[in-house]
Every structure is written in structure tokens, then in C-alpha cells.
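Asker: Sharing a structure below in C-alpha cells format, with a few things to ask.
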Amino acid sequence: MDKPSYEISPWQLRWRGLDLDALRRTESTFALANGHIGLRGTFEEGEPRGLPGTYLNGFYEQRRLPYAEAGYGFPEDGQTVVNVTDGKIIRLLVEDEPLDMRYGRALEHERVLDFRSGTLRRRTVWESPTGRRVRITSERLVSFTQRAIAAINYSVEPLDDKIQLVVQSDLLANEPVVSRTADPRVAAALDKPLISDHASARGYRAVLAHHTRASDLRMAAAMDHELHLDEDNIRTEIKAEDDLARLTVAADVPKGSKLTLTKYLAYGWSSKRSSPALRSQVDAALVGALQTGWDGLLAEQRSFLDEFWDTADIEIEGDAELQQAVRFALFHVLQAGARGETRAIPAKGLTGPGYDGHAFWDTESFVLPVLTYTIPDAARDALRWRYSTLDKARARARTLCQEGAAFPWRSINGEECSGYWPAGTAAFHINADIADAVMRYLYATQDKPFESECAVELLVETARLWMSIGHHDTHGRFRIDGVTGPDEYTAVVDNNVYTNLMARRNLRAAAAVAEANPSLAHDLGVDTEEASRWRDAADDMVVLYDKELKVHPQSECFTDHARWDFHTTPAENYPLLLNYPYFDLYRKQVVKQADLVLALHLCGDEFTPEEKARNFAYYEALTVRDSSLSACTQAVMAAEVGHLELAYDYFAEAALTDLHDLHDNVQNGLHIASLAGAWMAAVAGFGGMRDHHGKLTFAPRLPPELTKIAFRMTFRGSKIGVEIRPERAAYRLYSGEPLDLSHHGDPFTLGTEPVILPIPGPPDHPTPQQPHGRAPTRRRPR
Ligand code: BGC
């Protein structure tokens, strides 16, 4: 067999051949999830494997956070996502030899993640060490339509003589998990986190119920099976004990015949509901899934995805690998958020234990822009999760001696879990990021119930936080001091431009919604004086500018700092945070990830085109992209200021972050924000889409390497498409009401007739330089 790797194909991710060393990586890229349940792409037989990985969104264990030196307001407890009861396991004995890909020979082996069927398929022809050959085919899904359900269709076929096959289908709790890295970002391994409450089995069905020791969350996992075999010489046994339930099936299967097992899995968890209630819930979900049947689940999955792609697809002509990567990215962003339903969207989705399973600003600033314009209900649900944690954010603000609400930098349940103040709680910008996502969603959907039930309060409480963190100085300017912006290599600074501009938007939006919803505002204690104080603070907000350099310093004194010595920094010392002390990073000009450049994108209406070009060039020379959240923003701004080839390089970097394992940590889970960034690079970068204050505008331009980018999106219930060619762009309305849009600054109305407009040439600016050794890889189309 050829050396295994991903094959390039527009709608699938296929890995042909067996490469055991690549398992950890491919378990993440082949993960299936629906925002509620996540299954890593491990083999059915359980071993060999990198990390087993079965996750339920929001299900975590709590642990004390260790501090060498304690301080007031430091969070006491951390939260870590739990690897819950594994239902993916189906072991096989061929005569008396266990199927284990480390032994015998894989005569054929391939796995395919299919973005349209929403399934992971496997096809293996295995020869046992004593020469018996079997073909194993499996297909699994985590249902988008029945959110408690996952299912696996598994077949074994003897290829030579009649063979005795024994199949064991398990539910296994407390699997041992080994963490092999010293990287502090990797999740702490948890030892036996689940305590048994119940185990029972009957017929082909079994259920295990557990709870966690410290966080006191309860869960139930259940399985049921359908067996298909022409022969009647078959024996089955089922058993359940605390941490293991197992259906065993033994059959003599002749050549040309198959043993097929369809395994249905149901998961449920709760912090409030009792164990019996959860058992009933998973029982009911199983019966529902059985009634739908395997083919029915496949059909539902397909039609859910047809609808998604019809609204969200991106087509790329001229770079087949990038085409695949962008669909892969969209598919995983959908999997991270589709059916979360008032749960967070973690930075890794439900694909691995990295970052302890925490959600960050990644959700609002990177993932929600995509979901807002492709599957807006999922964006709403993620924002409803934030809303559901508002009381905790209010309490956190009180602990910090502030008004309003202070949302956590990283969390699973809404409580702050960051033990590192400078790159944690001090990143107060997350509050404005949430407010911005709320406004974006409202503008895009005009969802009145959400506005009155959640948005007004979220905007009011975040605005109050800014009023209490910031202050008017003696010159009458409103300052926000002592905070950390998106760039975590510069911490606890005054007047971070990104934070100030986002806070300004937050304050103005809060004043506007309070005015539009007077009775709600009154209930929240907002009077006209408070709203006008918000407007004044917004108007008086400090926005730094360095007149000599003609750039915006990222924060106070930033442009006076010494520059990092990039020339003496060897390539292997990146990411810098793992090789240099923070104190040195903090006092130098070196940027981990887009910060001022992110302001150029999200608050682009605050800068002139000339300022954007100069700022972009200045920060380009300092930005090392030690975070995967950077390349996409650099792609967007490179495209805007006319560096289309550079934008294309960054687009590829964002889209291929996980497929090429660019950060060497994909085994801990995918970088969902970077995957969302692939959409951003296409739509906001080459499409030039901006949505300032609810006005949808485009300024499309292609990089020379591509002949077409076409994307679809939804806005105010209308579905539109934008097709970018080298010389012209075509806008189409697929359904819904006409929309007022603009193309390179010229307004037009998009109705039933397509609108085709010429594309002006890009602005001309000198090519910017990256820090020594940190230029992105020059993309050669594949
Ligand atoms: C980045 C943060 C991000 C976090 C989770 C860090 O490396 O600096 O901006 O929120 O990763 O993705």
C-alpha cells in the first residue's frame, strides 16, 4: 500500500492505509459530534488508539486549582472535560484471535469522513497472524436530528472459509487515559472520574449510569442492537457491571455471508435530574432511534446536511486541497455547535480534551460569525448559554469589585477557570466580544424574542462593566487601564485599542437597545442618565495613535518597547510561551496573535484605508502567530489592504491548521476557531464581507492563484450567494426577500435577478514583512 495520508477530494476526508503513529491525529480529524455528544475517531476495537475520547458537552469534573502564591479573586476550582462512558467499542474475535491492527496484516484499510452524509466510514481487510482474512466495514454517526443518539453499523465478512466470529459490543466507563505531554495547555488527565449508580442489561440493551465525584453531575449511557445474520446458529449474551456493559454475539459465518450489528447509543446528563430520570431519558431516546432505524438515521443526517450546505457551502476553483479543507472546516464548525442547545462551544469542540474542554472568546469572535450566517439558530443557542451564566458573571464582577457582569476567560459551566490572571481574567475584552456577537446575531436575524429575553440584559450588564473598569481622566477622556487584549504576549496594559474600540461598540449598542426597549431597560434599572453616560464614555474613549510612526499603538507605550530579537530566535523556540519567560515577552514588541489587526477587521469603520494599510504592515512585522487564531484575521486584512497572495497564504494556513497539524497538537482536539477562520478568510477576506452595525457589504477580490470562490450565506431569512471571478462578482438571491447590499462601496438591491459587477484592482502598498523566520508558507495550489 502507498504511504498513507489524507486524499484530496471535495466532499470527503479519506485516509487510505494503516499508519498507527498517525492515529492520535486522525482521531481528532475523524471525530464526529453534534454539539451535544462527541466521539473521537478511534477504531471500533478500542485499541490501538491515541485517546479514546467520548464527550458530553458541559459534562466536567471539578478540581482545586493549585497556586504557589494565592491572591484575592483567584478562582479556586478548575473544570476538566470528562471522557465519559465509551460506547464506540465493538471488539472482534476471528476464531480465537482478537482483531488488533498492530498484529497480522492490513491488506486494505481506509477511513472516510463524509461531509454530506455526516458519517465516518471504515473498510478494512485484515489477515490475522495465522492467515484468516475478514473484511470489516463500519459506518458511524452522531445524529444531528436526534441529539442524544449516536449509532454504528458494523459488519464482518469472512473472506476464505466458514469462520467463527465473536463480537463484543461494549459500554465502558473509566477507561484509562494517558497524557503524554508536558505542554501546560493540554488537559490534565483524570483518574477514574465516574462513580457507578446503576448497571443493567436485558435482551440486546444495556444501560450504565454514573456520577462525578466533585462536580456532582449525573449521566446515563445506553446501548441497544439489531443483529443481521442469515444463519440461525448464533449465540448472544449480555451483562452489565459497574463500569462495563457488554453484548457478546458468537456466530459461525460462512464465506459470502456477513455478520452485521447495528449499535444504537443514547447519552444523557444533568446536574439536576436524578439517575432514574436520566435512565428513562436514554431508554426513550433509544426506542426513538430504533424506531427511526439505521437507514432512517442516515436519511435524516443527510437531509440536515443538505440544508446546511445549501445555506453555507463555499466553492473554490484552482486549489483542490483548499476546497476540501474549507468544507472540512465548515463541517467541524457545524459539529461543534449544531445541537449544543444552551451549552458552550469549547475551543476544541467535542473532538479532544485540549484546553480542558473550556470555551473561550473563540466562540463569540470566531465561531459565532460563521454560525450567525450559516445556521443562525446554533448561534442563538450558544449566546443563550452565555445568558444562562449571567448570574455567575455578575457574581464574578462583584468578586472583582466591579459593576455589571464579568464573563470568564475560560470555562465549562460559566465560572472562571483561568488560574493565570494576566492571560485570563484580565482579558476583559471577552465581555465586548460577547456583546458584539449578540449585536451581530440580532442584526442578522432580527430575532425579537432573543432581544427581549437575553440581548438587552447581556448588553446592559457588559456596558456596566466597562463603566466600572474604565474612568474619565482629568482631560475628559475615557480610559480602560490594566487589561489584556487578544495578544497574550502583552499583558495588563492601559488602553488596548482593540478593547477600547470593542467596549465603545458595546456601550453604544447597550444605549441603543435600552432606548428601543424602555420597559425592559427600566426593569434592569437603566435610566436615561445611565444610557447617556454610556454614550459619553463611548464618545470620549481613548483611541491611541502614534503620530510619528503614523500607526495605532496596540496599547499605551507599545511602540516604545524594544523589539523582540527575531533574528536570534531559532525556529524550534516557537511557540515563544513555551520557551521564554512571560516577563520578557511582555516588555517587548512581539505579538502572539492579531490584536490591533483584529480591530482593523472587526472595527474597520473606525480606521481609514491608509491607516489600515500602515497598521497592517507595522503589526505584520511583529506577529509570530503562536496562536492559531491569528492567520485568519491576517488573511482578512491582507486581502482588504491589497496583499492578495499573502491573504491566500494565510487562508491556507487557517484552513489547513489541523489537516497539516501545523501546531503539532491536533491530537488533543481540533482548533475550532481556526477552522471557523477558514470561513472568515474566504467570506470576509476574499469576499470582503463586513457587517458593521447591521449593514451587509462586500468588496470581493480573488488571489491570482484561484479562478473562483463562491459562497452562500443567510441574512434576515434570505439566502444569498456571492460568486467571485477574477474580473467580476455575481450576487444571487436564492430565497427570501430582496436585500440592500453594497459592492466595493456602491450600494445595490439584490432581488430575483442576479447582479453582476466588475471588480476594481486592489490598492497598491509595499509588500509587508513578517518577523524573521515567521513568514507563512507560500501556498502552491494543489
Ligand atoms: C489564544 C487565545 C485563545 C485560546 C484558546 C490561546 O492560545 O491566545 O486567544 O482563546 O488559545 O483557543
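Placement of Cβ uses the backbone N, Cα and C atoms for every residue, glycine included.
Heads up, TrEMBL stuff is auto-annotated, nobody curated it.
From a predicted model like this one, the values you see are computed outputs, not experimental measurements.
Below are the features listed in TrEMBL for this protein:
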type	residues	note
DOMAIN	16-270	domain 'Glycoside hydrolase family 65 N-terminal'
DOMAIN	327-680	domain 'Glycoside hydrolase family 65 central catalytic'
BINDING	TRP361, ASP362, LYS592, GLN593	substrate binding site
ACT_SITE	GLU488	active site, proton donor
DOMAIN	689-750	domain 'Glycoside hydrolase family 65 C-terminal'
REGION	744-782	region 'Disordered'
COMPBIAS	757-769	compositional bias 'Pro residues'
Asker: Suppose the substrate site is TRP361, ASP362, LYS592, GLN593. Which further residues of the same chain have a Cβ inside 8 angstroms of that site's Cβ centroid?
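Answerer: Here the non-site neighbours turn out to be PHE360, SER365, PRO486, GLU488, SER627, LEU629, SER630, ALA673.
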Asker: Reported as an integer number of Å, what is the Cα distance between TRP361 (substrate binding site) and GLU488 (active site, proton donor)?
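Answerer: If we compare the Cα positions of TRP361 (substrate binding site) and GLU488 (active site, proton donor), the gap is 13 Å.
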Asker: Taking the Cβ of the residue listed as 'active site, proton donor' as the reference point, list residues of the same chain whose Cβ is under 8 angstroms away and which are at least six residues distant in sequence.
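Answerer: Looking at Cβ-Cβ distances below 8 Å from the residue listed as 'active site, proton donor', excluding near sequence neighbours, one finds PRO422, ALA423, ALA427, LEU577, LYS592, GLN593, SER627.
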Asker: In the same chain, which residue numbers or ranges, 6 or more beyond the ends of the region 'Disordered' (744-782), come under 8 angstroms Cβ to Cβ?
Answerer: 8, 318-322, 564, 566-567, 569, 571, 574, 590, 609, 613, 616-617, 620-625, 631, 638, 641-644, 646, 648-653, 688, 697-702, 705-706, 720, 724-733, 738
Asker: How many neighbouring Cβ atoms, not counting its own, are there within 10 Å of the Cβ of GLN593 (substrate binding site)?
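Answerer: The Cβ of GLN593 (substrate binding site) has 22 Cβ neighbours within 10 Å.
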Asker: With substrate as the bound species and TRP361, ASP362, LYS592, GLN593 as its recorded binding residues, calculate the greatest Cα-Cα distance and give it in Å as a whole number.
Answerer: 16
Asker: With DSSP helix as H/G/I and strand as E/B, how many residues of the region 'Disordered' (744-782) fall in helix, strand and coil?
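Answerer: Helix/strand/coil tally for the region 'Disordered' (744-782): 0 helix, 9 strand, 30 coil.
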Asker: Indicate whether GLU488 (active site, proton donor) is helix, strand or coil by DSSP.
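Answerer: The residue in question, GLU488 (active site, proton donor), is coil (DSSP, three-state).
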Asker: Are there residues of the same chain, six or more positions away from ASP362 (substrate binding site), whose CB falls under 8 angstroms from its CB, and which are they?
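Answerer: Those within reach of ASP362 (substrate binding site), by Cβ under 8 Å and sequence separation of 6 or more, are ILE345, ALA347, LEU629, ILE672, ALA673, ALA676.
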